[in-house]
Amino acid sequence: MQSARMTPSVGRQLLRLGARSSRSAALQGQPRPTSAQRLYASEATQAVLEKPETLSSDASTREKPARAESKSFAVGMFKGQLTTDQVFPYPSVLNEGQTQFLKELVGPVARFFEEVNDPAKNDSLEKVEEDTLQGLKELGAFGLQVPSELGGLGLSNTQYARLAEIVGMHDLGVSVTLGAHQSIGFKGILLYGTKAQKEKYLPRVASGQALAAFCLTEPSSGSDVASIRSSAVPSPCGKYYTLNGSKIWISNGGLADIFTVFAKTPIKDAATGAVKEKITAFVVERSFGGVTHGLPEKKMGIKASNTSEVYFDGVKVPAENVLGEVGDGFKVAVNILNNGRFGMAATLAGTMKAIIAKAVDHATNRTQFGDKIHNFGVIQEKLARMAILQYVTESMAYMLSANMDQGFKDFQIEAAISKIFGSEAAWKVTDECIQIMGGMGFMKEPGVERVLRDIRIFRIFEGTNDILRLFVALQGCMDKGKELTGLGNALKNPLGNVGLLIGEASKQLRRRTGIGSGLSLSGIVHPELSRSGELAVQALEQFATVVEAKLMKHKKGIVNEQFLLQRLADGAIDLYAMVVVLSRASRSLSEGYPTAQHEKMLCDSWCIEAATRIRENMASLQSNPQQQELFRNFRSISKAMVENGGLVTSNPLRV
């Protein structure tokens with residue numbers, strides 16, 4: 001499970017990461033996406049990078065079709081815009097029939113994991129028991145979003161998220177097995193499959209008769225997908241391709257019968273006659289012959305899931321098994337990987353829910369110094385912070401699933417944020433649970449140490465969080481950069497763009513005089529949350545001011561300012577989280593939910609601290625010379641360590 005390798009040009013490459021994720025929001029031939037929980041084959045580590053897309057001054061002079069204004073809150077916040085279409089009010093997307101169907105599923109699935117599945121045994125055996133797999137098949141768990149007419153349950157993204165949450169509460173090893181199968185294993189068939197491909201393969205995978213796996217990562221390719229070496233050469237007759245190569249760290253690799261495989265294919269340019277290699281996606285069956293696998297990998301966590309190397313030796317793949325178009329494999333891979341990021345947040349929200357229950361139980365029953373430890377301030381703060389992190393993660397997960405079900409097309413930044421936030425929140429919550437439980441938490445019997453081992457991979461799955469932070473910042477800056485390019489073009493023709501220039505001048509004047517942007521969430525958030533709403537608006541203004549200043553300073557060079565980009569991404573994550581919880585808590589207050597006042601406290605607490613972080617971080621980036629000194633020190637210290645082969649300092653005893 002390799003971490004992404006960072007190269008000097010990674011910033012420019014990242015401008016493509018996720019650019020197509022939103023366009024896969026609806027599955028072909030069925031209602032909206034199957035963004036099945038991303039539970040999550042190791043090969044997703046790659047964050048899938050494409051050839052660089054640069055911000056070219058020439059590009060701004062070419063005629064381009066008008067693009068609809070994005071409804072994404074995340075896109076808007078980089079521009080200093082308060083775009084509320086996708087975040088307010090907190091969406092309710094299930095109709096009565098869907099809600100009833102979900103209720104009928106939740107009970108049996110929860111009981112199965114409580115009464116039948118044994119996560120400790122799965123971990124010890126390093127596999128999911130056959131009886132458990134059979135039970136999951138009977139529940140329909142292998143085809144949750146496959147259309148019902150093809151043997152699946154045909155769930156929406158929101159319905160899927162709820163079941164992903166239940167699985168995450170109980171066993172992340174099983175989650176990975178299920179997710180590697182349907183979230184990425186056969187997801188490409190759902191997104192890009194022809195009618196014939198769907199009819200041939202989906203009934204088999206939906207029933208669990210055949211497991212699926214996603215084969216992308218190779219020893220030479222981590223984040224740089226273009227460096228894969230597996231090849232698929234078309235036969236002279238054009239009826240098949242001969243596939244050769246190997247893939248590493250493939251979840252379900254030793255169990256699967258159907259594989260989504262990515263390989264380079266030679267493609268002749270019709271105009272020039274030149275032959276270039278481009279990535280193409282294929283549906284490959286083990287029964288084709290020439291498909292073998294290695295021994296299961298020994299891993300830190302998610303031991304119950306099968307992870308192995310897969311080899312393809314002269315495999316004859318029928319031409320009709322090309323997935324999507326020849327040469328479009330990168331697009332297929334990006335959409336598969338990006339399509340289900342929200343599912344990780346839903347899964348880990350469930351994991352946190354279960355872990356928090358263990359922490360609360362221990363704090364409630366443990367007596368020290370003559371009192372229950374839940375009465376001690378240190379423990380109270382830990383529990384409260386754990387609850388806040390779970391609330392934010394869960395709110396993001398269901399916001400995103402609803403956005404997808406509603407048919408919104410632009411949510412890739414939000415999806416990346418949910419993955420980053422959820423995976424880091426789950427790690428913190430589990431770590432704090434162990435701390436609250438003390439020595440008992442470190443023991444094997446309570447099962448928290450297993451969850452900690454399992455959770456560590458989620459900061460690597462789906463693209464490492466480091467890579468995704470760069471994507472969040474660069475994608476947002478790219479959208480803002482286009483706006484600034486438009487302003488520059490307007491200055492070339494001031495008489496024809498009076499309105500645009502007056503608006504920009506007015507905005508700059510308000511910022512300089514401290515008047516503010518005039519943005520407000522008044523009338524949008526519940527009145528009881530007005531103070532937190534004001535904090536969110538102020539944070540947005542501070543964030544957007546720094547984004548614009550840094551873009552003006554660095555221009556295209558911002559792609560190489562990774563210290564800066566990381567901190568902008570952290571601000572974006574905090575800000576999106578503020579708005580999401582404001583939306584959810586507002587709905588709870590408006591509807592009079594029994595938990596409304598508790599949710600208000602969770603929301604206010606998050607907003608107070610997030611606003612403080614944004615204010616301090618943005619002020620530091622904007623005007624603190626010590627920040628630049630710190631960045632220079634990081635570069636120099638790191639360089640010295642690399643040159644020295646490790647630490648530069650010696651033991652203080654000099655012995």
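Indices start at 1 and increase along the chain as displayed.
Heads up, the Cβ atoms here are built off N, Cα and C, so glycines get one too.
As recorded in Swiss-Prot, the features of this protein are as follows:
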COMPBIAS  21-37  compositional bias 'Polar residues'
COMPBIAS  60-70  compositional bias 'Basic and acidic residues'
MOD_RES   Lys51  N6-acetyllysine
MOD_RES   Lys71  N6-acetyllysine
MOD_RES   Lys127  N6-acetyllysine
MOD_RES   Lys239  N6-acetyllysine
MOD_RES   Lys276  N6-acetyllysine
MOD_RES   Lys278  N6-acetyllysine
MOD_RES   Lys298  N6-acetyllysine
MOD_RES   Lys316  N6-acetyllysine
MOD_RES   Lys331  N6-acetyllysine
MOD_RES   Lys482  N6-acetyllysine
MOD_RES   Lys550  N6-acetyllysine
MOD_RES   Lys556  N6-acetyllysine
REGION    1-70  region 'Disordered'
REGION    41-482  region 'Catalytic'
Local backbone state of Lys239 (N6-acetyllysine), from DSSP in three classes: coil
Cα-nearest neighbour of Lys71 (N6-acetyllysine) within the listed modified residues, Lys239, Lys331, Lys482, Lys550: Lys482
Within the predicted model, mean pLDDT of the region 'Catalytic' (41-482): 92
Modified residues (Lys298, Lys316), the one with most neighbouring Cβ atoms at 10 Å: Lys316
Collapsed DSSP category at Lys298 (N6-acetyllysine): coil
Entry from the modified residues list Lys71, Lys278, Lys550, Lys556 having the most other CB atoms no farther than 10 A: Lys550
Spatial neighbours, same chain, of Lys127 (N6-acetyllysine) - Cβ under 8 Å, 6+ residues apart: Pro296, Ala304, Asn306
From modified residues Lys298, Lys482, Lys550, the one whose Cα lies nearest Lys278 (N6-acetyllysine): Lys482
Rounded to the nearest Å - Cα separation of Lys276 (N6-acetyllysine) and Lys331 (N6-acetyllysine): 17
